[in-house]
Amino acid sequence: MTDNNTALKKAGLKVTLPRLKILEVLQEPDNHHVSAEDLYKRLIDMGEEIGLATVYRVLNQFDDAGIVTRHNFEGGKSVFELTQQHHHDHLICLDCGKVIEFSDDSIELRQREIASRHGIRLTNHSLYLYGHCAEGDCRETNTPTTRWKNNSPFR
C-alpha cells in the first residue's frame, strides 16, 4: 500500500481511503477496462462503503492526474484502465464487449508515415478496431443491451 500512497502523492493527490481502495481494485489482474459501475460493484463485494458518486469523482481525478486512461468504446460507456508505459491498441467485440489489447510495430510505423506525409508530427493516437468474435457465437449469451454488463470482470 506504501507504493500506492507514493503514487497518489506523486500525482498531486491527497491520500484518502477511497482513492487507495479504488486504486487497489484497478490493480487486480482481471480489472482492465472496467466501468465506474463495475468498480463500484466490486467495492461493495469487498465490503467497502464508497458511494458511486465518489467512484466517478475519483476516476475523473485519476484520469486528470494520468493514473488511469479513459476509453469510450462503442456502446457509450466509459471504461478505465491503469495508464501503461507501453502504447497499445484495442480490438472490441460488438456483441459481448470483450476487449483485446495488442501492439503491432508495422501499424505504428504506418500511422507515423501517414501523419508525416500530411505534415503532422504525431504525439498521441488511439486505435479501436470493432468486430465480432470469430470463435463461437458470443451473441447467444449476450444481447446488445447487456454486452457491457456481461463483460464485467467481476462475474
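Using N, Cα and C of the backbone, Cβ positions are placed for all residues, glycine too.
In Swiss-Prot this protein carries:
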- 1-84: region 'DNA-binding' (REGION)
- H33, E81, H90, C93, C96, E101: Zn(2+) binding site (BINDING)
- 85-155: region 'Dimerization' (REGION)
- H87, D89, E108, H125: Fe cation binding site (BINDING)
Where E108 (Fe cation binding site) sits in the secondary structure, as DSSP reduces it to three classes: helix
Distance from E108 (Fe cation binding site) back to C93 (Zn(2+) binding site), taken between C-alpha atoms, in Å: 22
Which same-chain residues, if any, lie at least 6 apart from H33 (Zn(2+) binding site) yet have Cβ under 8 Å of it: H71, F73, V79, F80, E81, V99
Between D89 (Fe cation binding site) and E101 (Zn(2+) binding site), the C-alpha gap once rounded to whole angstrom: 6
Residues flanking the Fe cation site, with Cβ no more than 8 Å from the Cβ centroid of H87, D89, E108, H125 and excluding those residues themselves: H88, S103, I107, Q111, S126, L127
For H33 (Zn(2+) binding site): DSSP state (helix, strand, coil): coil
Spatial neighbours of H87 (Fe cation binding site) that are distant in sequence (at least 6 apart) but have CB under 8 A: S103, E108
The region 'DNA-binding' (1-84) - residue tally per DSSP class, helix then strand then coil: 43 helix, 11 strand, 30 coil
Helix, strand or coil at D89 (Fe cation binding site) [DSSP, three-state]: strand
Reduced DSSP assignment, H125 (Fe cation binding site): coil
Alpha-carbon spacing, H90 (Zn(2+) binding site) to H125 (Fe cation binding site), which is rounded to whole Å: 12
Spatial separation of C96 (Zn(2+) binding site) from H125 (Fe cation binding site) - C-alpha basis, Å: 25
